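Chemist: OK, TrEMBL features for this one:
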type	residues	note
DISULFID	50-60	disulfide bond
DISULFID	69-78	disulfide bond
DOMAIN	46-79	domain 'EGF-like'
């Protein structure tokens, strides 16, 4: 293999595609060139039929002959109607039940558990989301969940009412609406009174092979799958999805009880089979979102232009969409190296307890990970009952994504053999119990007979992935990540919640395991509630609680940046890397993204939690040559902490639909390095070889 693939550095790591890798894994990664040589693969396009062809309420999975039903429907042919309540625990004293995100004083759409104005009003589909239709208590602004504000909802002699207001009257007559309570919180609506429709979010936007219904792809004939990317026949080259090369050649074949069209093509390893799960584990969560920004990494404005979100949980969507479109995807499980289980756990992270059917109270003791874990078990049983692949390795070649604060600590025991993806690599070397200050994610409380006795993270099989970060083009255009040491006057920088000693700080002493609080007590550069700075406050060390409007710029002017936990993982590692700043990791025994494979010693500094008081001494002891070397490594690998493969997919869709290329699209399309997805592909391939 040529030297352009890899080289050895003095510390023994392998340099592979501009990043240094640990020698034990790097030796395998040095063979990653093998993945660039195509191998023959037989793709299968199934032609099985479903009962009633899903009755227009779902999409037929042609491989299993099973319907994937839109929200509100179930049954083998989507013939059953599911009525979901908006209000829970209704009593005379609480006529709308106890508070929940879905609480509704108007019409409850029992498919989605969304609260709407209803057919007795001029605008029946206008949302009455959460506080919109309720009275406030006096002048406090506190909502009285027992009293509907019917005058505001439906109007009176002097006011038309929220549900009957014309948008023109609001704009022309300056009629006031109840903001922010009455907001267009559901996907696909914008405007002061939700008068402007837009495209809603769907996985890969249905690949232009279907219609997106608030998260569910209604595929046109001949296509199926969560994103309408699987044909039931071999389409002509111009219509083929990205994962199916144009040189694919047909080879019609029959199998017992299953009729398929096979296609002989050349593809690159590793080959990944992505399960097409029942919709109750995927798209029905998207359709049931009560806030449009939940679960997803993008939305669409009234002109259907892309709006990227700041949702840290967006990595799950980015990875899912990338796998579905990648040349590494295969529809032939018999030839797959890995199997991806696309359970949208991030939706439960943000939607848990949003509606009565999503409650994690009672049996689940208010623990959303316990509640989500039962879904994981149902998926495990579904896979075992419908596919032959789990048993061939006891699930070891299966991959699950656990985005929780503390990662896969709460994974049910049945699936622990699998590879776990998370944002939190707790090796349990120090933190052997839950560290979160947020009770709903405290995995200590989950019954041990349900969870089993497994660690949170096994670096031999699991992987920590970067969190999603908004693909902001300006830091790239301004080249902030490439600032050299001389242009970084700040020695150390951390800007974030520092706990109860500061205004609006988290009150729990266990927040951040007390680490941020220790940092602030030593080096706080902003006065706390008592007007005090940290004991060792100095000019070139910035430790602030109030978020700076120039946050990214200030990171780019710093040599070292703090990477500290929140309730578990936080996005500070990504912030540091994307700004070209050397990460200073202060969280003992916790692996950061790709730490079990990248050579972290070449571009990060670890400071023990008990040694925070010596932080500045430690940093000043690193000579200028070492600082320059670490900054250079960060400059070489920052793209691995982005998901620009998924962003480029969206840029291409926008080009096709709108015939335009926004700045974010042109900047992202200019990136040529490996991103988080391609790094994941390389690592999974190397670990499988070992």
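Cβ from N, Cα, C; glycine included.
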Chemist: So what's the mean pLDDT when you look at the domain 'EGF-like' (46-79)?
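Modeler: That stretch averages a pLDDT of 95.
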Chemist: Determine which residues of the chain contact the domain 'EGF-like' (46-79) at the Cβ level, with the cut-off under 8 Å and only residues 6 or more beyond its ends counted.
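Modeler: Same-chain contacts beyond the flanks: 110-112, 210, 213, 216-219, 224-226, 228, 230, 232-233, 258-261, 276, 278-280, 283-284, 287-288, 331, 386.
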Chemist: Per DSSP, what is the helix/strand/coil residue tally across the domain 'EGF-like' (46-79)?
Modeler: 6 helix, 11 strand, 17 coil
Chemist: For the C-alpha pair, I'd like the distance in angstrom between residue 69 (disulfide bond) and residue 60 (disulfide bond), rounded off.
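Modeler: Between the Cα atoms of residue 69 (disulfide bond) and residue 60 (disulfide bond), the distance comes to 9 Å.
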Chemist: Could you list the residues of the same chain, at least six apart in sequence, whose Cβ is under 8 A from the Cβ of residue 60 (disulfide bond)?
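Modeler: Sequence-distant Cβ neighbours: 48, 49, 50, 53, 54, 66, 67, 68, 224.
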Chemist: Counting only residues 6+ apart in the same chain, whose Cβ is under 8 Å from the Cβ of residue 78 (disulfide bond)?
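Modeler: Those within reach of residue 78 (disulfide bond), by Cβ under 8 Å and sequence separation of 6 or more, are 52, 54, 55, 57, 58, 67, 69, 70.
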Chemist: Looking only at Cβ atoms, how many others are within 10 Å of the one on residue 50 (disulfide bond)?
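Modeler: Other Cβ atoms found within 10 Å: 21.
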